[in-house]
Amino acid sequence: MSQATVEEKSKLRVIIVGGSVAGLTLAHCLAKANIDHIVLEKRAEISPQEGAFIGIWPNGARIFDQLGLYEDFESLTPPVHRMNVRFPDGFTFSSYLPRTIQERFGYPIISIDRQKVLETLYERYPHKSNVLVNKKVMNVRFSGKGVSVVTEDGSAYDGDLVVGADGIHSRIRSEMWRLADENHPGLITSQDKQAFTVEYACVFGISEQLPSLPAGEHINSYSNGLCVITFHGEKGRIFWFLLVKLPEKTTYPNTPRFSASDAASLCNKFARFRVSEDICVSDLWMHKLFASMTALEEGILERWHYDRIVLLGDSVHKMTPNIGQGANTALEDASVLASLLNNLSKLSTEDGTSAYAMTKLLNEYQSTRYERAKNTHDKSRFGARLHTRDDMIKTLIGRYVFPYAGPRVLERSVKSLATAHSVEYLPFPKRLGPAWGEYSSPNKSTLGSTPIHMLTLLLPCLFYFMYSKLNLFVSL
């Protein structure tokens with residue numbers, strides 16, 4: 001018998017808008033806490049095939065394991081154990097950092113078809129009648145002591161909190177801004193309304209097995225204004241993305257949209273670009289099962305909530321896929337919000353659902369998550385520009401520092417992952433590795449200063465390079 005059938009359900013009611021990875025994970029968390037909730041999804045199905053994939057790192061894996069879901073995902077694909085990096089001058093190097101991450105944390109890095117993740121989250125969710133499809137949200141209304149969500153079909157859903165887990169094109173974010181503008185003009189700044197910008201586009205693809213790309217390996221192939229990254233999964237299935245710098249920077253929502261023909265044209269343009277010694281972009285495209293092209297928004301909001309509305313995941317912070325932390329960061333959002341709601345649900349009905357209590361909770365949610373999410377966003381932003389050799393400094397760092405900075409990169413990765421947030425009211429899994437205990441609280445500077453630390457590493461290398469060239473010149 002489930003916990004929900006033996007304990008009185010909390011009077012608190014949460015409306016989750018978006019059947020995304022973040023939204024469904026939050027639903028699982030709330031189900032574990034016995035908090036009443038529903039999920040409203042605008043599409044006709046929860047898990048459509050869109051050609052996208054997600055990487056699950058230890059910080060996300062631990063949350064999934066707390067929810068009893070991780071083994072389902074782990075069984076779908078082999079772990080990544082080796083990373084191979086290629087530069088335009090033909091220089092390559094390999095690193096077993098992914099294997100070391102697994103040894104330190106007890107969880108490997110895995111890449112999975114996003115459709116499979118959504119499918120598993122839905123199939124393992126205990127209250128499927130709470131997940132409603134074909135529910136496109138039209139507006140949000142504050143009503144007495146609560147909030148109401150109205151959908152396109154005229155239905156209205158009442159609750160104490162609305163959570164926008166509806167992605168970068170968030171309707172809930174738009175409604176939050178509208179209501180704030182009506183009731184507290186100036187609260188939402190022009191900076192927040194222009195926070196998301198686009199400088200890159202990306203083709204995401206899934207391809208059939210290619211003999212020279214062995215399962216469990218991962219390739220980064222860098223060039224000027226371009227990078228291709230691949231992950232090789234179960235039975236050799238290839239998850240890949242081609243990321244390219246666009247001619248001009250645009251601001252959301254006035255950003256480009258791309259079609260299937262745009263994806264084909266871009267991959268044709270770079271058909272001869274080498275992913276490895278034997279594989280080019282044309283090979284990935286010829287063997288594709290699915291592919292799609294999208295603009296890559298980047299940005300993070302300064303205000304994550306207003307009144308009884310709160311945002312999480314891509315609706316509040318959006319990053320490129322280069323460091324594989326977009327979904328994992330959203331999972332951390334869900335875990336923190338659920339933990340705070342669990343605490344709130346234990347108060348009396350009147351105290352637990354009051355506007356004051358909700359505002360206090362949402363302030364704590366943002367203050368807990370903001371700096372870590374901001375640091376992750378900044379690292380992802382730097383990673384995209386490092387991988388595409390965006391300027392001379394990043395070109396030099398990528399080519400002459402990164403290949404030789406393995407221990408430093410590992411230690412910074414460990415520190416960042418070890419200080420991740422999790423679901424406070426659920427026990428930690430038994431499989432946790434030793435690295436989790438090395439740092440006691442979420443770190444505030446591990447990621448944000450990445451460029452400065454890289455420059456610190458770069459200068460000695462440059463001096464050595466210049467000294468070597470000078471000696472060569474003198475010897476001539």
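Just so you know, glycine gets a Cβ as well, placed from its N, Cα and C.
Checking the candidates A27, A31, A327 against Swiss-Prot: the one annotated together with E41, G55, R114, D314 at the FAD site is A327. In this structure, Y222 (active site) is part of a beta strand by DSSP. The Cβ of D314 (FAD binding site) lies under 8 Å from the Cβ of S20, A22, G167, I168, S170, G326, A330, each of these being in the same chain and 6 or more residues away along the sequence. If you measure from the Cα atom of A327 (FAD binding site) to that of Y222 (active site), you get 23 Å. A327 (FAD binding site) is surrounded by 24 other CB atoms, counting those within 10 A of its CB over all protein chains shown.
Across the fold, the C-alpha of E41 (FAD binding site) and the C-alpha of Y222 (active site) stand 37 Å from each other. Y222 (active site) and G55 (FAD binding site) are 20 Å apart (CA-CA, integer value).
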